[in-house]
Amino acid sequence: MSWANKSIIEEFVLLGFSDQPWLEFTLFVVFLTSYIVTIIGNLNIILVSRLDPKLHTPMYFFLTNLSVIDLCYITCTVPQMLVNLNSIRKVISYGGCVVQLFMFLALGATECVLLPVMSFDRFVAICRPLHYSVIMHQRLCLQLASVSWIIGFGNAVWLSILTFQLPRCGHYVIDHFLCEVPALLKLSCVDTTANEAELFFVSVIFHLVPLTLILISYAFIAQAILKIQSAEGRQKAFGTCGSHLIVVSLFYGTAVSMYLLPPSSHSKDPRKMVSLFYGIIAPMLNPLIYTLRNKEEKKKEEEEEEEEEEEEEEEREGEEEDDDKEEDKKKKERKLEKFFDY
């Protein structure tokens, strides 16, 4: 890291949406609401997954990791944004910018690795159900989660160093509402072609490769589901994977459009809008998607249990009726015997 840069620049100015001041109050309310909903939703998933013994499964273990990521992800950006939206001077300290960029990159990359791990878990559960507990044992789950976090934070160290070592020649105004690699590269007073190429390469590795693995997993999952004879079984299998597919679509859809697609000439702030969805809306929607899906599954399970209880009750009533009929028959036989004896 260039110490000259650090001695000259003590803080950065974040423009955000300063050219549209009438939006600031609306954005403040939206961001604050999103932040509160995200915290409550993810904490709820974490606590329920840990406290309910029935949820001590690989799927909920990985879901807990995803909730921790989303919780930290939105916390490293939204509080600073709320302060700036409510202030005249929209600034962030040099150290704060370094930490924000590092955490944003680390958590994003960790989620990129964790999502295909979750799809692998679903693949084993549906395509290899008899061997699921043997394959997805506790040690493997811990290893997969640990590797996801290590790769994510390792990538963040490398990209953060490459970004902040570039000379900025006194440029300190960031045309964004957070410290992000593309926005920081624009402050450099040297050619950043190599850095942009490295960012593109890393984006391909962390976005397209995991997405391809997820699609391959779900191709096998779909094939296995179609072989299930009962419609109820197919519906339950699709329901289990549906929430994960929605989260994957939201995350990778915005990530690919932000880092891999060329900037749009029709929109002045395309990256800002995509970053809003990528860094704020998606983490808020994830717990809602999983919670709603789990409620639907629990409701179906309760309905199935009620149907089973009703069937058992009908069987018991039928058996009682049969017993009564048998008893009546025996009584009639005894009466006939007495009559003939007489």
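Just so you know, glycine gets a Cβ as well, placed from its N, Cα and C.
Residues annotated as transmembrane segment in TrEMBL: 25-48 (among others).
Feature annotation from TrEMBL assigns domain 'G-protein coupled receptors family 1 profile' to 41-290. For the domain 'G-protein coupled receptors family 1 profile' (41-290), the model's average pLDDT works out to 86.
Within the chain, the transmembrane segment (60-81) has long-range Cβ neighbours (under 8 A, six or more residues past its boundaries) at 16, 31, 34-35, 38-39, 42-43, 45-46, 49-50, 92, 96, 99-100, 103-104, 107-108, 110-111, 114-115, 117-118, 121, 141, 144-145, 148-149, 177-178, 247, 279-280, 282-284, 286-287, 290. TrEMBL lists 60-81 (among others) with the feature transmembrane segment.
Annotation source TrEMBL lists transmembrane segment at 101-120 (among others).
TrEMBL lists 140-161 (among others) with the feature transmembrane segment. Long-range contacts of the transmembrane segment (140-161) within its own chain (CB-CB distance under 8 A, at least 6 residues past either end) are made by residues 1, 58, 61-62, 65, 98, 101-103, 105-114, 117, 120, 181, 198-199, 202, 206.
Residues annotated as transmembrane segment in TrEMBL: 200-226 (among others).
Annotation source TrEMBL lists transmembrane segment at 238-261 (among others). For the transmembrane segment (238-261), same-chain residues at least 6 beyond its ends with a Cβ under 8 Å from one of its own Cβ atoms are 66, 108, 111-112, 115, 118-119, 122, 125-126, 182, 199-200, 203-204, 207-208, 210-211, 214, 218, 221, 225, 271, 274-275, 277-278, 282, 285-286, 289-290, 292-294, 296-297, 300.
TrEMBL lists 273-292 (among others) with the feature transmembrane segment.
According to TrEMBL, the region 'Disordered' annotation covers 296-342.
Sequence annotations record features per position, and here TrEMBL assigns compositional bias 'Acidic residues' to 302-326.
Here TrEMBL flags 327-342 as compositional bias 'Basic and acidic residues'.
The stretch from 101-120, 200-226, 273-292 with the most CB pairs below 8 A to the transmembrane segment (25-48) is 273-292. Taking Cβ pairs closer than 8 Å, the transmembrane segment (273-292) reaches residues 31, 34-35, 37-38, 41-42, 44-45, 63, 66-67, 70-71, 73-74, 77-78, 104, 108, 176-178, 180, 243, 246-247, 250-251, 254-255, 257-258, 267 in its own chain, all 6 or more past its ends.
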